[in-house]
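Engineer: Straight from TrEMBL, here's the annotation block:
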- 1-57: region 'Disordered' (REGION)
- 14-30: compositional bias 'Low complexity' (COMPBIAS)
- 81-100: transmembrane segment (TRANSMEM)
- A91, V92, N96, S317, N349, L414, D417, S418: Na(+) binding site (BINDING)
- 112-134: transmembrane segment (TRANSMEM)
- 155-182: transmembrane segment (TRANSMEM)
- C194-C203: disulfide bond (DISULFID)
- 232-252: transmembrane segment (TRANSMEM)
- 261-294: transmembrane segment (TRANSMEM)
- 314-330: transmembrane segment (TRANSMEM)
- 342-364: transmembrane segment (TRANSMEM)
- 402-423: transmembrane segment (TRANSMEM)
- 444-466: transmembrane segment (TRANSMEM)
Amino acid sequence: MAKKWFSRARQSHELVPSSEEPQQQQSLQPIENKTLREGTQKSDANGDEALLHDSHPQKGKRKLSVLGHELFDRGQWSGQFDFLMSMIAYAVGLGNVWRFPYLCFKNGGGSFLVVYALFFVFGAVPIFIMEVTVGQYLQRGAMEMWKMCPIFKGVGIGNVVIAFMCIAYFCVIVSWATFYMISSFNSTFPWETCNNYWNNGQCVTGKESTSEIMRITSNLSRYATISDIGGIQWELLGLMFLSWVIVYFALWKGITQARKFVYFCAIFPYFLIVVLLIRGLTLPGAMTGISFYLTPNLTKLTETTVWKDAGTQVFYSYGVGFGTLIALGSHNKFTHNCYRDAIVMCFINGMTSILAGFAIFSILGFMSTVAAKPIAEIVKPGVGLAFLAYPEVASNLPLKQLWAFLFFLMITILGLDSQVCMLEGLFTALEDTFPTLLRKYKKISLLLTCLFFFIIGIPMVTYAGAHWLTLVDAYGASGIA
């Protein structure tokens, strides 16, 4: 029934005569009218059949979308699971292993999970399915799709603005992870001891989180306010530039051609998350962290901050409202079962966040036991929580250099695949809005877009960069803005 309804909807759009046709054409003789209608209906029927079978139109023929506009060859997913894997690569990312644990830690553990579950059921899943379905049906990006209801065109513009905010700082986080990954090749990790030039008197080996002292003293202690930018951290700038080069070459032929990249980014991080979880659960004190993670503090449920953080994290983690799901869905075949893929994706994403939470909080329980302090006093809840917990557990694994390298490689991959898919959503929306310019010169316009985001990310790799990133994350990705 759904396929027939879609077919009739397309036919009704394509058979509506244009108001711009000359008046003389409407006054043809009855016999000519009949011949013309029969020819038109036959042509449109063939066009509808081609659309339903998702075949490319022959050269010289026009292919129309349900909005009545000419449908360009957007590129389609060639494999049965390409679309599902692209959604996993996009949605399962830093929001799961970086942002979810620190917001959960900040808001009392179990209390945050209760509110998160409510937003998941009543908010994320319905909107996720809607965006994927509409993108597949209309074959358009986030801005152009709202021509079906022009009064809501501002929603599409809002999608682009939110994506713009997040794209601006994702590669900065990737540069952090890459910096840690390179530091993992040292025989002794820089965060294992306090015998480094950046350490201060607060650092005591084995009692404090030395990775936190490394981060704070090397980045923030000398420049404590957002106005004291200081200088550029050139190593981070170079790594951020490298990240943008990878993003560009992943997209320059279209995301549907980056199949191997999408599959690798979707599957490989799960291997490392499972390893991290198993190792974390075997550490002494792990159950202390798990208890903190699962036990709800009912008084926290009365705080508006918990509800705001849980709501924004659900939408952030599932990637709704960015326009990316609409763009990914627009590359589907018209008859693809997107409902099935969306449901599967929602549960995979939710379980990934839960597993990442178990991994992080088991490590925090271990850190609490070693330092003989409550979990709430071990580290400060903030955007760098994953960069404190992961180095700690890596230091306690056999072949620690290998595992530390793999852990930070995982974060790097998660950041890159989310960045690639998010930029695809933004660029698709702009490309549909300005097709003459951006579609004709796609490689050049994509290069200029990447260069633009690289430039606006420079303040976030200065010595006050963590302040700038927190500002953009709080007022761009969160619900404060």
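Each residue's number is its place along the chain shown, starting with 1.
Glycine is treated like the rest: Cβ placed from N, Cα and C.
Could you place these features in context, so I can see how deep they sit and what lies close by?
Structural biologist: When secondary structure is read from DSSP and collapsed to three states, S418 (Na(+) binding site) falls in the helix class.
Counting only same-chain residues 6+ beyond the ends of the transmembrane segment (112-134), those with a CB under 8 A from a CB of the stretch are 87, 103-104, 106, 145, 293-294, 296, 300-301, 306-307, 309-311, 313-315, 317-318, 320-321, 325-326, 328-329, 338-339, 341-343, 345-346, 350, 357.
Panel annotation: around the transmembrane segment (261-294), residues 82, 85-86, 88-89, 92, 97, 104, 109-110, 113, 250, 255, 352, 355-370, 375, 390, 393, 396-397, 403, 406-407, 409-410, 413-414, 416-417, 420 of the same chain, lying at least six beyond its termini, place a Cβ under 8 Å from a Cβ of the stretch.
Within its own chain, the transmembrane segment (314-330) has Cβ neighbours under 8 Å at 74, 83, 86-87, 90-91, 95-96, 99-100, 116, 119-120, 123-124, 127-128, 131-136, 138-143, 145, 156, 158-160, 162-163, 166, 255, 338, 346, 349, 353, 418, 421-422, 424-426, 428-429, 477-478, counting only residues six or more beyond its boundaries.
Within the chain carrying the transmembrane segment (342-364), a Cβ under 8 angstroms from the stretch's Cβ atoms is held by residues 84, 87-88, 91-92, 95-97, 100-101, 104-105, 109, 113, 120, 124-125, 128-129, 132-133, 270, 273-274, 276-277, 280-281, 283, 286, 289-290, 292-293, 317-318, 375, 378-379, 385-386, 389-390, 392-393, all 6 or more beyond its ends.
Within the same chain, residues 86, 89-98, 163, 166-167, 170-171, 173-174, 177-178, 180-181, 184-185, 189, 243, 246-247, 250-251, 255, 258, 261-262, 264-266, 268-269, 272-273, 275-276, 319, 322, 324, 328, 386, 390-391, 393-395, 449-450, 453 sit at least 6 positions outside the transmembrane segment (402-423) and bring their C-beta atoms closer than 8 Å to a C-beta of that stretch.
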Engineer: Return the residues near N349 (Na(+) binding site), defined as same-chain residues 6+ apart in sequence whose C-beta is under 8 angstroms from its C-beta, sorted by sequence, else 'none'.
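Structural biologist: The list for N349 (Na(+) binding site) reads I88, A91, V92, N96, S317, Y318, given in order along the sequence.
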Engineer: Setting A91, V92, N96, S317, N349, L414, D417, S418 aside, what same-chain residues sit with their Cβ within 8 Å of the center of the Cβ atoms that define the Na(+) site, listed in sequence order?
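Structural biologist: For the Na(+) site, the extra neighbours are I88, A89, Y90, G93, L94, G95, G319, T352.
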Engineer: For D417 (Na(+) binding site), write down the residues of its own chain that are at least 6 apart in sequence and whose Cβ falls under 8 Å from its Cβ; none is a fine answer.
Structural biologist: A89, Y90, G93, F261, V262, C265, A266
Engineer: Within 10 Å of the Cβ of S418 (Na(+) binding site), how many other Cβ atoms can you find? Include all protein chains, please.
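Structural biologist: Other Cβ atoms found within 10 Å: 26.
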Engineer: Are there any residues in the same chain, six or more apart in sequence, whose C-beta is under 8 angstroms from the C-beta of L414 (Na(+) binding site), and if so which?
Structural biologist: V92, G93, L94, N96, V97, W98, C265, P269
Engineer: Cβ under 8 Å to the transmembrane segment (155-182), counting only same-chain residues 6 or more beyond its ends: which ones?
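Structural biologist: Residues 94, 98, 141-146, 235-237, 239-240, 242-244, 247, 321-324, 326, 384, 387, 390-391, 404-405, 408-409, 411-412, 415-416, 418-419, 422-423, 425-426, 429-430, 453-454, 456-457, 460-461, 465, 469, 472-473, 476-477, 481.
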